[in-house]
């Protein structure tokens, strides 16, 4: 991917209108709007969800009298709601209704339970608000789905990692800005006492209100899938998938003639090598952007799966590996983010603002560490040409995440330099890098099912690890090494699974 592509409009594939470069600095051309609004759509909903978790003890007066265990129960409610939302929205978007309509519907409803947080007075009041916010925030992963539908699979990895990076900075927004918001409502005359903490939820709610408009008014549906626009379909007049999931590249009965057949063959061989696939017949040239008279690239068409096909995809070995790894990394990130400020307060004796500033560093490093993970994966793949090498790197990152969790838990350090170094240095590097590595393995042909399952596993990990924090609320150091042991154990259990399904070989 050339740097010149960052500011220019990307070349598009005429068969499916997918961009072949990332127009990071040119959001007005080609797939630029899709890229821009995808990461914004990840950030703003998560910003509504996130403040419930890390700062309730100091931020919401109605919850100040709650027990720490009760607060962690509500954190679990939030994670469970997000998991349910992702499980519903991803398959609907990727395989049935289409991305645009699903996003517009979810985002239209999401601000209302966010505004309901202003009415929180007791623990019971926070339950419906937290649950419904979390459910609609399940749309946050659809930004990733929009990327894989709008860009060529060769750049789907970096195109997906960048938006998730920037969107995860909502943790930084919360830790840096929530204490000042709370202070503003507390010190400004005219605001009732109950607004001192809950009033801050008005801010992400206001930002959420205009979210559906760009997708509804400016953007088409994703170029592939059930909701693809007419101009994409007209290039594929005779395609009929009969509702079945299409296999990744296989033999085709007809291929176009080309004066430069040798270069096309070399390109095909490179793509086949990525899947460790040995062809028995010619393969499509769609990846080169050449028009095909009778068929399209099988690997880039998203079909509506039957229930049995969805089950087969979910329980395939590679999908389970993705789910297990994301369970470890994203689950750990969610749960650790929710207690990190409190952990720093206890271990280092800091106030709310200073502890929040240090905790924000962990989230801020997402913007660097996730791309580094994806870049390391790409570099290793170029050197080896084997998908196994990418899988081995993913497991290595996950194991090192577990090692640093165990180190933090056993060290019980009260030195600010040591503790912040372990958390924001070693742990952030491997944990957030592993999050970037995970999504580079998602197969586009079953995008909605695979990404929905993987995202749900990440939230399930957050629930499980939050439960561990809940039952060890007085000893967070112990929880760190327990989480580390779980992560390492899951890597040992899944490291032997092949990265490519047998049906594709």
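Placed from the backbone N, Cα and C atoms, the Cβ positions cover glycine too.
Swiss-Prot has this to say about the protein:
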- 1-25: region 'Disordered' (REGION)
- 1-10: compositional bias 'Gly residues' (COMPBIAS)
- 35-55: transmembrane segment (TRANSMEM)
- 221-295: region 'Disordered' (REGION)
- 255-267: compositional bias 'Low complexity' (COMPBIAS)
- 313-333: transmembrane segment (TRANSMEM)
- 348-368: transmembrane segment (TRANSMEM)
- 391-411: transmembrane segment (TRANSMEM)
- 417-437: transmembrane segment (TRANSMEM)
- 449-469: transmembrane segment (TRANSMEM)
- 479-499: transmembrane segment (TRANSMEM)
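Counting C-beta pairs under 8 angstroms (sequence separation of 6 or more), the transmembrane segment (449-469) fails to reach the transmembrane segment (348-368), with fewer than 3 such pairs. Where the transmembrane segment (348-368) meets the stretches 313-333, 391-411, 417-437, 479-499, the count of C-beta pairs under 8 angstroms peaks at 417-437.
Note on the transmembrane segment (313-333): residues 245, 305, 391, 394-395, 397-398, 401-402, 405, 431-432, 434-435, 437-438, 441-443, 446, 449-450, 453-465, 483, 486-487, 490-491, 493-494, 497-501 of its chain, located 6 or more positions outside it, place their CB under 8 angstroms from a CB of the stretch. Only residues 6 or more beyond the boundaries of the transmembrane segment (479-499), in the same chain, are considered here, and those with a CB under 8 A from a CB of the stretch are 317-318, 320-321, 324-325, 327-329, 332, 335-336, 387-388, 390-392, 395, 398-399, 401-410, 441, 465, 468-469, 472. Only residues 6 or more beyond the boundaries of the transmembrane segment (417-437), in the same chain, are considered here, and those with a CB under 8 A from a CB of the stretch are 161, 164-165, 168, 325-326, 328-330, 332-333, 336, 340, 344, 347-348, 358, 361-362, 365-366, 369-374, 376-377, 390, 393-394, 397-398, 400-401, 404-405, 407-408, 411.
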